[in-house]
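Listed in Swiss-Prot:
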- D487, D493: Mg(2+) binding site (BINDING)
- 554-613: domain 'KH' (DOMAIN)
- 623-691: domain 'S1 motif' (DOMAIN)
- 691-744: region 'Disordered' (REGION)
- 707-718: compositional bias 'Basic and acidic residues' (COMPBIAS)
- 727-736: compositional bias 'Polar residues' (COMPBIAS)
Amino acid sequence: MFNEIIKTVEWGGKTLELSTGKIARQADGAVTVKMGNSVLLCTAVTAAKAKEGIGFFPLTINYREMAYAAGKIPGGFFKREGKASDREVLVSRLIDRPIRPLFHPAFVNETFVTCTVLSYDPETPVDILAIIGASAALSLSPAPYLEIVAASKVGLINGEFFLHPTLDLLKTSQLDLVVAGTNDSVMMVESEAHLLSEEQMLAAVKFGFDSFQPVVNIIKELAAEAKKSKLEMQDLYPAELKNEIKKLFAKEIEQTFAIKSKQERSTNLELIPEKVLKHFADDIESKKYNNYQIESALKSVESDILRGNILQKNKRIDGRTTTDIRQITCEVGLLPCAHGSALFTRGETQSLVSSTFGTSLDEQIIDSLEGEYKERFMLNYIFPPYSVNEAMPMKAPGRREVGHGKLAWRAVNPVLPTKTQFPYSIRVVAETTESNGSSSMATVCGSSLALMYAGVPIKAPVAGIAMGLVKEDEKFAVLSDILGDEDYFGDMDFKVAGTSEGITALQMDIKIRGVNFEIMKIALEQARLGRLHILEQMNKVISKPNNEMSKNAPSTTTLKVDKDKIRDIIGPGGKVIKEICETSGAKIDISDDGTVSIYASDKDKLKVALDKVKAIAIEPEIGEVFNGTVMKILDSGAFVNYLGNKDGFVHISEIAEERIESVGSVLKQGDIVKVKLIGFDNKGKAKLTIKNAEKDKSSANPKPKNSPKEHQEPEKRDNGKKRAWNEDNNAETTEVVTERKYFS
């Protein structure tokens with residue numbers, strides 16, 4: 001019944017299996033991918049006819065993780081998979097980026113690729129399997145997919161690269177790198193690194209590239225045995241059409257590209273297609289050419305002019321050389337009520353960034369196939385339409401915003417302090433207020449500035465830069481700090497972020513084949529020099545974290561208690577912890593290991609809650625002195641409450657040095673007294689004394705000998721009074737805003 005084709009290869013110590021002909025046989029291309037206990041179904045379907053009047057290739061990639069793949073039932077009311085998670089969006093983009101450039105340029109048929117995780121093994125990288133499966137499915141479909149792509153994931157521990165790092169290994173790995181490409185070219189790189197050098201990053205890319213070559217070969221074998229036919233494609237446009245457009249409009253295009261202002265240049269460029277279409281109106285009517293052919297030929301002419309200026313004249317749109325960085329302006333502390341804020345401007349790209357601290361209760365809860373976990377650091381990238389002067393409504397975050405935000409997250413995350421060092425959750429919001437190339441790298445720079453201003457003890461400032469490439473045959477030029485048009489017409493978008501000591505994130509998308517490792521080496525070195533220049537400008541404003549935090553930031557402290565005391569702090573049905581929170585106004589979070597985190601809007605509320613927790617969790621020692629309250633008077637003595645929830649008995653003989661006739665003659669209910677713990681009776685009840693305690697009253701409520709060390713938070717600043725707007729603290733140089741002296 002089934003005509004199944006199966007191909008296997010030993011890869012990185014595991015067996016990779018690709019099969020077709022059994023599942024989803026009606027799809028144009030369908031491949032089942034297996035490695036370990038992971039199983040994915042990848043399908044590709046192409047529309048029979050081209051989509052008219054569209055100026056781009058309508059490729060849609062959908063990666064889905066089914067809950068049953070990990071033996072789970074989805075959460076939520078409906079108990080079924082819904083909107084794509086951020087993880088699914090990111091993997092969808094990861095699949096799209098190396099595949100999209102490899103279709104025939106004239107192909108505009110709608111194409112849908114779906115990769116579904118059917119069985120999930122945490123020991124295998126399902127995102128890599130999805131890229132491989134998508135490539136294999138497309139190779140079996142009629143779509144003119146010109147090259148076969150494969151991918152690999154690389155880790156680094158103790159100076160050794162290795163394939164297929166598991167989630168546990170990634171916790172200690174210095175590198176999490178995905179590289180995808182063909183037999184002869186790298187097409188895509190995505191990575192997070194812990195301050196690695198350019199040489200190490202290039203070596204990692206080479207290691208990953210070499211490792212997936214056997215996978216490319218078995219996909220080719222699978223496609224060859226399946227013998228699926230491909231759509232025959234014609235040239236995107238006739239050569240004579242391009243020549244005529246070049247002859248008539250090249251001069252005007254050249255003059256337009258000489259305009260340095262993006263807005264003015266874009267406005268003038270938008271007028272040219274109207275003129276071109278008007279010129280060819282008769283040819284369109286006679287169906288000699290269609291609109292798409294004319295617009296494509298025009299884009300090719302524009303590309304030739306821009307690229308020719310760079311390669312032949314060393315002349316970029318805005319007059320810079322290939323290594324020049326646009327003018328940089330940095331400001332911090334713009335938003336008085338934010339915990340930290342910064343405005344980073346590079347040329348016509350600008351990012352307004354704020355940082356906010358929260359409690360551990362504010363951490364993002366993520367439900368994944370691996371299980372539920374919390375994310376302490378959140379970075380939200382926002383790209384509003386006004387940033388590029390588009391008259392459009394604001395929408396929910398799209399795939400691009402999720403992807404750019406994650407790239408900036410990867411760049412900043414390696415320099416953040418541990419939770420022990422800084423027990424806050426952190427949210428960074430970066431709104432792109434202007435955009436003309438590399439807004440994600442502006443987000444990285446602005447985030448670093450905002451975090452340092454807020455007082456987050458990051459290990460080092462972080463900056464990012466986007467590199468470009470123009471290549472014709474053997475001649476090429478690597479561009480630093482690319483503009484939007486240089487990205488659009490160029491051959492590579494290469495983003496590198498890091499500190500002065502090394503790289504923290506790298507993302508590379510290549511649109512052409514033939515970019516070798518020598519070009520990558522040059523690009524990495526040029527990016528390093530550009531990154532150091534940007535860091536130098538940022539350091540003129542703020543070079544290290546402030547010692548003071550905003551007065552609006554929550555006060556916090558943490559302490560470690562015995563695990564046996566957790567139930568006492570919580571109380572039956574949460575009664576005790578709820579009472580502490582209500583009476584103190586604080587928030588309390590308790591971890592399973594006995595770490596108690598307390599947060600409050602001010603230090604007074606924090607102290608009230610801390611004292612109550614200590615009273616429950618910390619056992620007093622004999623000889624310690626406490627403040628107590630007389631609760632009940634008896635003939636033989638008095639009951640005194642101390643440490644909030646503990647009671648002890650003071651015998652009449654322990655009330656005063658001299659003999660007294662009655663307890664009531666010295667003490668009254670409600671009196672505040674000093675008491676010393678002198679022992680316990682045979683029932684474990686505390687025995688207290690007042691007469692000896694008065695001599696040691698200076699040591700009342702001492703810190704117990706075994707009391708845990710508490711986190712000491714930085715001092716807080718007054719955001720309003722010390723950050724008032726005036727001309728002095730906004731004086732600018734030609735490059736950067738001078739450092740603001742907000743703190744005494």
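Glycine is no exception: its Cβ is also placed from the backbone N, Cα and C atoms.
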Counting other CB atoms within 10 A of each CB, which of the binding-site residues D487, D493 comes out lowest? D487
Per DSSP, what is the residue tally for the domain 'KH' (554-613) in helix, strand and coil? 32 helix, 16 strand, 12 coil
Tally of DSSP helical, extended and coil residues in the domain 'S1 motif' (623-691): 6 helix, 34 strand, 29 coil
Quick check: in three-state DSSP terms, what is D487 (Mg(2+) binding site)? helix
By the DSSP assignment reduced to helix, strand and coil, which category contains D493 (Mg(2+) binding site)? strand
